[in-house]
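As recorded in Swiss-Prot, the features of this protein are as follows:
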| type | residues | note |
| --- | --- | --- |
| DOMAIN | 23-289 | domain 'Dynamin-type G' |
| REGION | 33-40 | region 'G1 motif' |
| BINDING | 33-41, 200-206, 231-234 | GTP binding site |
| REGION | 131-134 | region 'G3 motif' |
| REGION | 200-203 | region 'G4 motif' |
| REGION | 230-233 | region 'G5 motif' |
| DOMAIN | 513-621 | domain 'PH' |
| REGION | 623-648 | region 'Disordered' |
| COMPBIAS | 630-641 | compositional bias 'Acidic residues' |
| REGION | 740-834 | region 'Disordered' |
| COMPBIAS | 788-826 | compositional bias 'Pro residues' |
Amino acid sequence: MDSLITIVNKLQDAFTSLGVHMQLDLPQIAVVGGQSAGKSSVLENFVGKDFLPRGSGIVTRRPLILQLINGVTEYGEFLHIKGKKFSSFDEIRKEIEDETDRVTGSNKGISNIPINLRVYSPHVLNLTLIDLPGLTKVAIGDQPVDIEQQIKQMIFQFIRKETCLILAVTPANTDLANSDALKLAKEVDPQGVRTIGVITKLDLMDEGTDARDILENKLLPLRRGYIGVVNRSQKDIEGRKDIHQALAAERKFFLSHPSYRHMADRLGTPYLQRVLNQQLTNHIRDTLPGLRDKLQKQMLTLEKEVEEFKHFQPGDASIKTKAMLQMIQQLQSDFERTIEGSGSALVNTNELSGGAKINRIFHERLRFEIVKMACDEKELRREISFAIRNIHGIRVGLFTPDMAFEAIVKRQIALLKEPVIKCVDLVVQELSVVVRMCTAKMSRYPRLREETERIITTHVRQREHSCKEQILLLIDFELAYMNTNHEDFIGFANAQNKSENANKTGTRQLGNQVIRKGHMVIQNLGIMKGGSRPYWFVLTSESISWYKDEDEKEKKFMLPLDGLKLRDIEQGFMSMSRRVTFALFSPDGRNVYKDYKQLELSCETVEDVESWKASFLRAGVYPEKQETQENGDESASEESSSDPQLERQVETIRNLVDSYMKIVTKTTRDMVPKAIMMLIINNAKDFINGELLAHLYASGDQAQMMEESAESATRREEMLRMYRACKDALQIIGDVSMATVSSPLPPPVKNDWLPSGLDNPRLSPPSPGGVRGKPGPPAQSSLGGRNPPLPPSTGRPAPAIPNRPGGGAPPLPGGRPGGSLPPPMLPSRVSGAVGGAIVQQSGANRYVPESMRGQVNQAVGQAAINELSNAFSSRFK
């Protein structure tokens, strides 16, 4: 049985010494009580030595985890001083004081950091106890004003655990109903399953009082009962009275005291030590299955985390080489999966992957950037008009000059360089993010990660430069030759016949299909109408609708997209909103939404706004183009030219440019993503798979590159310690035989027959610190002296006859509830009690019924026998 306590001590030491916090509540006994209640004295009596600090005020200022182990030699060990044995218990006391002051200071401060002390002695039973600070009311020294609450919280930190037994220490010379220890225990253990009562200072009670009712578990009963002890007095301590002599004096006190001699074998420090040993052993046995389950769960969690650490040896070069190869292979698979996409088991459902973001750049952002660079209709016609007139010069042209078409188209094609270069920059930026994410698993080796990122980034930058050259070369190809014989080109004949309401550049007939859904905020709603708030928007090729939420059941409004354009909204410096805003508006100035000229929409980030703009672009809503203002009357006169032949030529060139630019932009949107994929992304993937490892070996010393970071080494050691401690703990617990015999927990205390509040004068036992009732005058019998006079009442049951078989109290007269109450109080009180004997009230004697008189005679006779036996026993002892 004691091996169970030893096991828990080993677990406690293993976890504490390794610095492992396993979230396991190991079975222990916490000693709780008020200040100067005698807690430390009880612990010293267990050990048989003076080793705990003493003094006035609060002395125990840190929890002391005391492990008592039965051994051949007598010495102590502290967990914070490993390997040092303290043979002198005076040195142990000094070390406790010094260690307390190191953490809390020397001016009565407190701390919840425990001190672990293990005491080996042939005079102790295996126990694990926690000495906690005593409850105090007033702060002294540098203690905070809420010292009482802090101490309570510290105590609750230990006793609220279901695996902790509570040793509630209460002095006998105080009222048990006001016991701080029992009050705290009641809060966390209302059923009393874990609480053991200890009554100290029994020898200091007032003369004529005793704690028999408490020790017999009749006053404020506990499920595990009370045990009384007698500690050394302050005079004994100052006189260096040996604890063994004190234990002998304690035994003599209980054997000689008339109120305690009948239960002397169930009182005293040795009995308390045996009870605690048995109770703790049983408690450990009951909690071991749950402890094993927690350890197994911890083990399963730790096994996944330490799988890569199990066979790791920091000094082994082969293991480092293997680790490098494994991480490069992991990088290759992660990079490819991020770019190409992953299977259903590994797909990320929280955010877009790098490949998905690059896809959005190709098909949304590039299209949007190209359209932003295009001129609007009015600007384009003005440029065509200038080109035609400048080509003709002083001559009057009879035919539409094709050189004007070529000049305008080249200007439009040259504008494509900026958006395609920006597309390359966006892809490279996203690719750098992907590389950083994929190398995150190399964080254990910061130099390796840094070198890997440097090599890959350098290669990507080189490919970026090459890709930009090739893409600009594609634009130069378009500038070098105008293929007016293209099958999709409209031609001069069709251009002249085309109406001026021809399709605008880049438009597509999509039908009324849904293009995008998502949340946006309408910014320009008035305060009286609810202010800005988020809505669920549905964008189609013909309209945009918004709903209250994504269920799309309550539609707020539907806005047609015909003739609308986009513009950015700049937030003023007084604006409190940090959201990015854009607006839908009509170029002709009509109201767009109710009384509003524009509908202002906002998103959280710039990326979201740009994505929405690209979606609007697919629906045919283009960004606003700022018109350049010309100065002078010449510009006004040029723009107001009304030459019908020039207007026809402008319209023809306009249709030709529109048709040819559709071909060029279509080719550009198709070829740019292909060039980026081949020259950057696929090349980077091939580089990582085929050349990265060689560059790493050539870059420097692999031993330095594979040095662990301090954080990773600390975490690895901690994880391995936790894993080994958990594994050892499971092995220790697994070796325990669960066939041990334990005493069952006592049944719950039944006191429902007691009157509420114990206020009945016949049944109410006195408090330990109170004075028992003084004897009243002898009652006169109405039978003329047939019966002997009643003895004065002592207010308690009669003393027991020594060495009676069973050690219990004498048989009680029948008729009492449960047969376990003390005899009724004799008629010495002027209280109006009825049916007890002859009661004197207002000078008149009243007779007692015959049946009750017989019971009184029987009790009196038994009391006389007991007193005679006690006197005889003490005389010839």
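All positions are counted from 1 along the displayed chain.
Cβ from N, Cα, C; glycine included.
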Range from 33-40, 200-203, 230-233 with most C-beta pairs under 8 A to the region 'G3 motif' (131-134): 33-40
Per-region confidence, the domain 'Dynamin-type G' (23-289) (mean pLDDT, whole number): 83
Cβ neighbour count (within 10 Å, all chains shown) around Ser36 (GTP binding site): 16
Secondary structure tally of the region 'G4 motif' (200-203) (DSSP, helix then strand then coil): 2 helix, 1 strand, 1 coil
DSSP-derived structure type at Asp206 (GTP binding site), helix or strand or else coil: coil
Listed binding-site residues (Asp203, Asp206), ranked by Cβ neighbours within 10 Å, top entry: Asp203
Of Thr200, Ser233 (the binding-site residues), the residue whose Cβ has the fewest other Cβ atoms within 10 Å: Ser233
